[in-house]
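Feature annotations, courtesy of TrEMBL:
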{"type": "DOMAIN", "residues": "1-174", "note": "domain '3-hydroxyacyl-CoA dehydrogenase NAD binding'"}
{"type": "DOMAIN", "residues": "179-245", "note": "domain '3-hydroxyacyl-CoA dehydrogenase C-terminal'"}
{"type": "SITE", "residues": "His132", "note": "site 'Important for catalytic activity'"}
Amino acid sequence: SGLIGRSWAMVFAAGGFKVKLYDIAQEQLTSALENIRKQMKEMEKSGVLKGALSAEQQLALISVCTDLKAAVEGATFIQECTPENLELKKKIFGQLDLIVDDNVILSSSTSCLLPSKLFTGLKHVKQCIVSHPVNPPYFVPLVEIVPHPETEPSTTERTYALMKKIGQSPVKLNREVEGFVLNRLQYAVISEAWRLVDEGVISPTDLDLVMSDGLGMRYAFIGPLETMHLNAEGVSNYCERYAEGMRLVLNTFGPVPEFSGETVQKVNQALSEKIPVAPKALDARRKWRDECLTGLAKLKTQMKSD
């Protein structure tokens, strides 16, 4: 019932599903419910609450439980949201494997642990899958669906259909790969951003501006491949025109950064001047970020319907 678990609970409730939020500590669950209520009420007030139900109706769908067996009784879909620790996650799925039936889907929110490391050896491995959300899941709809080599195709299809039904934007990976897709793309951007700052090409503040007021403007609506398509007379033409230049630049990329030393201090100082590393300041900025994401989501929905 941490940040990701709360967000998932809100997403499923917005889709009209009954949700049981499980945790080992009752006080953690009490805090989670209070937080969810506060968020839903604020969003309802500002007109950005997801789903067709009112905040009270959605809240009525969410209950809490400290007993794992009772929590999953009658469930059709289980979304695990424990910390990113392989042994902890394997322990939870080992426990679930002993008490679930042959129909429930066992899904993990892991951002980088491979399904083959999480699920191999489980009796219900065919029902296991990774559904990796983007933080925060309530405001960013993408979900990466990553199967174990033994996952049944029907498990993938049912998970995909559920994610569509609750208003998320699922994508299917045909096989597992380190970092999945979102983090591979994200780390590629972070890596080159870090090198450019490290080499003194640009300041940390201006680097972020290149993305937020440059590439990010396009990427909010279209991906890199469609960008190629539109920036020439199709992808084939783009490759004819720019392949040589792209290879020339790509060959100048340096090694993977260590993400340590002076550059950490330089980047941290620049970001801390903009947003102080204090709970109040960080929370205020996160709230602003989520409001921006909500506004962007509304605009994207409007653009699609137009």
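All residue numbers here begin at 1 and follow the chain in the order shown.
Yeah, the Cβs are placed from backbone N, Cα and C, and that goes for glycine too.
Mapped onto DSSP classes, the domain '3-hydroxyacyl-CoA dehydrogenase C-terminal' (179-245) shows 51 helix, 0 strand, 16 coil. The Cβ of His132 (site 'Important for catalytic activity') lies under 8 Å from the Cβ of Ser108, Ser109, Thr110, Ser111, Val143, Glu144, Val146, Phe180, Leu182, each on the same chain and at least six residues away in sequence. Mean pLDDT, taken over the domain '3-hydroxyacyl-CoA dehydrogenase NAD binding' (1-174), works out to 97 on the 0 to 100 scale.
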